[in-house]
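> Dropping the structure in here first, questions after.
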Amino acid sequence: MSREFYKENKISILNSLNSDSDQGLNKTQVEKKREKFGLNKLQEKRGVSVWQILLNQLKDLIIIILIIAAVLAFLIGDTLEGYAILAVIVFNTIIGFVTEYRAQKAVASLKNVLSKKALVIRDGKKQEIEAVDLVPGDIIFIEEGDQIPADARLIDTNNLTVNEASLTGESESVAKEAEAQFDSKKTLAERNNMVYMGTTAARGKGKAVVTAIAEETEIGKIGAMLDETKEGKTPLEKRLERLGKSLIKITLAVIAVLTILGIFMGRPVYDTVKTGIALAIAAVPEGLPIIATVTLAIGMKKMVEHNALVRELLAVETLGSVTSICTDKTGTITENQMTLRKIYLNDHLIEISGTGYQPEGDFLLAGEKIEPAVEAGLELTLKSGLLCTSAELTKEDGAYKVLGEATEGALLTAGRKAGFSKESLKNKGYQKLAEIPFNSDYMYMAVSYALPEGKEHLYLKGSPDVVLEMCDSIMLNGEQKELTAAKINEIQQKNKKLGEEGLRILGVAYKEGKNLDSEEKLQTEIKSSLTFLALSAIIDPPRESVKEAIKETKKAGIKTKMITGDQMDTAAAIAREVGITDSDSVISGQQISQASAEELRELIKNNSVFSRVTPENKLQIIDALNQEEEITAMTGDGVNDAPALKKADIGVSMGKRGTTVAREASDMVLLDDDFATIVTAVREGRVIFDNIQKFIYFLFSNNLSKIIYIFLGIIFNLPLPLLAMQILWINVVIDVFPALSLAWEKEENNIMGREATTERNIMNRAFKKKVSLHSLILAAGPMLLYLWSLNADYSLELSRTLSFAALSFIQLFHVFNARRKSGLAFDKTLLENYYLWLAVGIGIVFQLAAIYLGPLQKILSTVAIPIELLLPTAAAIILPMFLIQLMNIFAGRDKK
Ligand code: ATP
């Protein structure tokens with residue numbers, strides 16, 4: 001029986017695991033424990049089993065039809081044909097199996113791209129490590145939105161609630177309490193002094209000591225898995241399946257009519273059955289589902305190369321059709337490399353030099369360097385700012401890095417420039433008492449400290465308007481003065497001005513108090529009578545890549561909406577700088593909350609910048625966009641963003657920043673957090689959408705042309721123009737590879753110049769019309785050749801060989817018609833897709849072998865085509881090609 005940590009006292013657990021809650025484990029301890037316990041990794045989920053994939057292939061309607069055809073062939077005595085069909089079944093199953101297996105492997109391997117991290121303390125230093133490296137005894141920190149990396153006993157909690165649905169099925173979050181004690185047996189859900197691997201922190205914070213890792217954890221014991229990517233059939237695959245089935249149904253109907261007709265017309269049963277078999281085979285779109293999966297899987301891989309990790313094949317398919325992108329500002333549009341630049345206090349601006357998180361820089365007043373201690377209130381402002389943070393500044397390989405929020409990193413760095421750090425203040429006797437963590441709903445954070453001289457201080461920072469509301473006095477030149485309406489107005493004006501420079505602004509305030517040692521006490525104390533200290537203005541420059549990306553979205557007719565929690569002026573300044581808007585109009589979260597459904601739709605349609613937006617507003621925005629039939633990608637990083645991410649067509653989360661909860665709710669993760677990556681993914685999505693449309697066009701027009709071909713033969717009362725074996729040959733040897741090669745087609749010209757439409761369906765009316773017309777043209781050439789040859793008294797065998805050769809080549813070359821959606825197929829990109837040339841090359845060699853090679857002649861009932869007949873055959877191939885090309889060129893012209 002495993003140890004019941006929840007019943008034990010936390011001190012005794014720490015002791016028994018040789019750990020220390022402040023220092024954590026040391027390096028040698030970690031190494032020893034690693035040796036004993038191994039890595040913190042759950043067993044890989046076995047994908048769908050090999051047998052299952054194999055069985056899937058055989059369950060296919062396509063295969064069933066082929067089996068029936070084979071049985072019929074044996075019954076009417078065409079043994080060779082029967083075997084050939086069986087061979088096709090085996091071939092189809094093997095190809096289907098291999099490609100599906102590989103595609104699934106590729107999708108599964110993407111899981112490892114995003115490694116899970118854990119925040120720990122080791123050797124007395126807080127650091128971020130890979131979650132697989134955790135060992136029992138490690139001290140971990142848990143923050144809102146984290147996925148818990150191992151089973152652990154809590155040693156400190158601050159309003160921590162955890163969602164344990166993945167383990168207990170209970171969707172309500174559970175409140176956790178480090179101090180809870182149990183002496184009787186409790187169920188998992190009741191053990192509120194423990195946290196478990198795979199569950200997620202919904203709110204608050206905690207510190208815990210790891211008690212079990214890997215298979216020893218509760219989730220490991222039940223063998224459940226933590227999935228990084230979602231699986232399942234995409235709508236495209238389902239739609240294709242449906243389409244394939246309807247094609248087959250139509251053919252079955254045609255066969256039925258034909259058989260009845262044949263019997264009435266007195267045609268021999270043998271002929272009728274043979275035609276039926278031929279038609280059934282012609283209709284079967286071999287390779288269709290396989291190609292769909294392969295194309296999507298290739299897309300997924302390509303996207304991850306561009307830093308977009310798609311968690312679901314569906315997203316690959318949808319990305320190309322995105323019509324609007326709703327993006328956060330901080331970290332997505334901007335660098336998230338924050339530096340405190342200006343402090344407004346004592347009615348003037350102090351500037352701070354230096355870049356990034358390197359704690360080197362000076363304080364300047366009117367361009368002159370000053371000592372921070374000289375300026376009244378400056379040290380207090382800097383101390384308040386840096387103590388009121390959860391982030392840490394660490395040095396790794398010589399560079400400073402922030403563990404936690406970048407905004408807070410800026411305050412920690414500024415403090416260090418003046419010679420303060422959390423550690424140095426702690427050493428001087430500053431002792432933390434309580435904390436209200438930051439939350440983007442209420443937009444502030446507060447802490448309380450016991451000072452060495454015996455006093456207690458409350459420090460608060462947050463959005464300036466929120467902070468001003470809480471203050472009734474202000475610190476001016478070292479004296480506490482009343483915060484008059486005129487002063488408030490002055491500060492607001494300054495705030496606006498700094499915002500217009502694109503700076504991110506925090507108000508800082510403080511208060512002296514007593515017994516500030518609980519969050520409840522802080523909650524009452526912050527309600528009023530705080531003393532306003534300063535405005536701290538932080539620079540967070542826009543990312544280099546964003547301007548170009550915005551230009552591209554504009555060209556592509558995609559609307560970009562910036563939806564930020566930051567204040568209006570800052571939002572507008574940044575949005576203008578990157579080109580999202582050129583107007584001053586900014587809609588506030590409040591306006592969104594108050595608008596009626598109709599007003600909201602108008603507001604969203606006519607504006608691009610939204611400020612002070614809460615996660616709830618995000619949901620309203622998504623709803624409104626959905627009503628407008630927009631296809632929307634929306635970014636989010638917090639726990640509360642999860643519902644909006646789920647509701648958006650493409651929920652986008654951040655790989656570097658942001659919470660695991662948001663990641664789990666999203667369809668795509670930006671590995672570099674960059675807005676430009678969304679645009680690249682949309683571009684890639686458009687290529688994939690095109691390529692899917694291209695191979696569907698190719699396969700369907702080819703199959704339909706064969707059905708039309710045989711049908712024409714019957715209408716003209718001709719001997720069967722193609723034998724079942726020949727059709728099988730075209731379907732399997734000639735068609736599949738070129739279709740597959742289309743998955744590697746490079747992007748069309750000006751792909752982002754194409755207007756985004758809300759068309760979700762690849763197989764729309766225009767597309768169906770094009771397929772039908774082109775099928776007819778494809779069938780017409782070889783049919784004319786066949787008619788001419790029969791008329792010219794060539795033997796039936798030769799005539800049929802001509803017809804077979806012409807149809808086969810025309811279908812092979814039809815891949816050139818398919819490779820460009822409109823315009824000329826033979827352009828300068830023609831040489832870029834090697835696979836296409838390989839497929840065509842193989843096709844030509846095989847087809848020539850089918851006509852001229854003895855053994856194949858026997859199987860396919862062909863005879864060598866004499867030289868003098870090559871010209872008419874070529875004409876039957878080239879003329880229809882020419883016609884389709886002409887139509888495509890005109891279609892391309894229309895669009896321009
Ligand atoms: P975006 O939604 O584009 O990411 P954001 O990061 O500015 O924008 P929030 O994180 O919701 O949005 O922040 C809203 C406001 O809260 C900010 O404008 C700032 O004034 C304040 N704020 C941000 N971070 C903190 C923090 N760590 N402590 C206190 N206040 C903060």
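Here the Cβ of each residue, glycine as well, is placed from N, Cα and C on the backbone.
TrEMBL labels come from automatic prediction, so no person has curated them.
Okay, these came from TrEMBL:
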- 7-78: domain 'Cation-transporting P-type ATPase N-terminal' (DOMAIN)
- 61-77: transmembrane segment (TRANSMEM)
- 83-101: transmembrane segment (TRANSMEM)
- 247-265: transmembrane segment (TRANSMEM)
- 277-298: transmembrane segment (TRANSMEM)
- 695-716: transmembrane segment (TRANSMEM)
- 722-744: transmembrane segment (TRANSMEM)
- 771-788: transmembrane segment (TRANSMEM)
- 794-813: transmembrane segment (TRANSMEM)
- 834-854: transmembrane segment (TRANSMEM)
- 869-891: transmembrane segment (TRANSMEM)
> Which listed range (83-101, 722-744, 771-788, 794-813, 869-891) shows the maximal number of Cβ pairs under 8 Å with respect to the transmembrane segment (695-716)?
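The stretch with the most contacts is 771-788.
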> Counting only pairs at least 6 apart in sequence, do the transmembrane segment (771-788) and the transmembrane segment (834-854) share 3+ Cβ pairs under 8 Å?
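Not in contact, no.
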> Counting Cβ pairs closer than 8 Å, which of 277-298, 722-744, 794-813, 834-854, 869-891 has the most of them with the transmembrane segment (83-101)?
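The listed stretch sharing the most Cβ pairs with the transmembrane segment (83-101) is 277-298.
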> Can you name the far-off residues of the same chain, 6+ from the ends of the transmembrane segment (794-813), with a Cβ under 8 Å from a Cβ of it?
702, 705-706, 709, 719-723, 726, 729-730, 734-735, 738, 778-779, 781-783, 785-786, 840, 843-844, 847, 850-851, 860-863, 865, 869, 872-873, 876-877, 880-881
> Quick test of the contact rule: Cβ under 8 Å, at least six residues beyond the ends. What residues does that give for the transmembrane segment (834-854)?
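Non-local partners: 729, 733-734, 737-738, 740-742, 744-745, 801, 804-805, 808-809, 812-813, 815, 819, 860, 862-865.
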> What average pLDDT does the predicted model assign to the domain 'Cation-transporting P-type ATPase N-terminal' (7-78)?
81
> With a Cβ cut-off under 8 Å, give me the same-chain residues at least six positions beyond the ends of the transmembrane segment (722-744) that come close to it.
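Beyond its ends, the transmembrane segment (722-744) has Cβ neighbours at 69, 73, 78, 80-81, 84-85, 88, 91-92, 95, 274, 277-278, 281-282, 284, 286-287, 290-291, 294-295, 298, 691, 694-695, 698-699, 702-703, 706, 709-710, 713, 800, 803-804, 807-808, 811-812, 814-815, 818-819, 833-836, 838-840, 842-843, 846-847, 850, 859-862.
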